[in-house]
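What follows is one structure encoded as structure tokens, with my remarks underneath.
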Amino acid sequence: MTQDEMKRNAARAAVAYIEPQTIVGVGTGSTVNHFIDALAEIKDQIAGAVSSSEQSTARLKALGIPVLDLNSISGFGVYVDGADEINAAKQMIKGGGAALTREKIVAAVAKTFICIVDSTKQVEVLGKFPLPVEVIPMASSYVSRELAKLGGKPVVREGVVTDNGNLIIDVHGLHISEPLALEQQINNIVGVVTNGIFAARAADLVLVGSAEGTQVLR
Ligand code: 5RP
């Protein structure tokens, strides 16, 4: 089974957690693209979607799923999104697709965060995947120097501007033994919009696609 097939299995399993006539939160990435395709099959049974990126919005709309403005609703139930890494505490590194800030906002509003991953994303300690940090462009040199003090190697992602008009710095070589503390520490650097550690808002449920089937981690 290919990695993409494992992603697809996890994504399709998430549809079972969507309550009829509710608003669905939709993340970003190749795993989520499979989820959007599956969601389109039940589009008449949902109230619409809130989206975490222009990319997902375009795919949702192309498949006839109404996309609602997050500011027009007071809350919703299930948010489904992928991850670049996830540990046993359901804390994640996200932002490989540069959508981390909007993902964190939509996840904050959701009652339940369902993370869909293939088994290659499971790790003991976060940090092998370079940690994405969204920064205000004029602060990128300053933020890079501050990030280097934390022991990582910051690299500005070439040719990428986020949906919010900002830059992404990928921090290589971190060994994130205390995700919650590091998430807060990096967010306190002036010029950082947010970083890709999802520890303050970890997942509630993880669906792991593998060659053996889809495992549910509660
Ligand atoms: C985008 C993300 C994605 O969820 C993460 O990069 C995983 O992507 P994929 O499903 O393509 O492996 O955080 O910002």
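Even glycines carry a Cβ here, placed using N, Cα and C.
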TrEMBL annotation, substrate site containing Thr28, Gly29, Ser30, Thr31, Asp81, Gly82, Ala83, Asp84, Lys94, Gly95, Gly96, Gly97 - matching residue among Lys61, Lys121, Lys128, Lys149: Lys121
If one measures from the C-alpha of Ala83 (substrate binding site) to the C-alpha of Glu103 (active site, proton acceptor), what distance in angstrom results, rounded to a whole number? 11
Please state how far apart, in Å and to a whole number, the two most distant Cα atoms are among Thr28, Gly29, Ser30, Thr31, Asp81, Gly82, Ala83, Asp84, Lys94, Gly95, Gly96, Gly97, Lys121, the recorded substrate-binding residues. 16
Quick one: which of the binding-site residues (Ser30, Gly96, Lys121) have their CB closer than 6 Å to ligand 1? Ser30, Gly96
Please determine which of the recorded positions listed here (Asp81, Glu103) has the lowest count of neighbouring CB atoms within 10 Å. Asp81
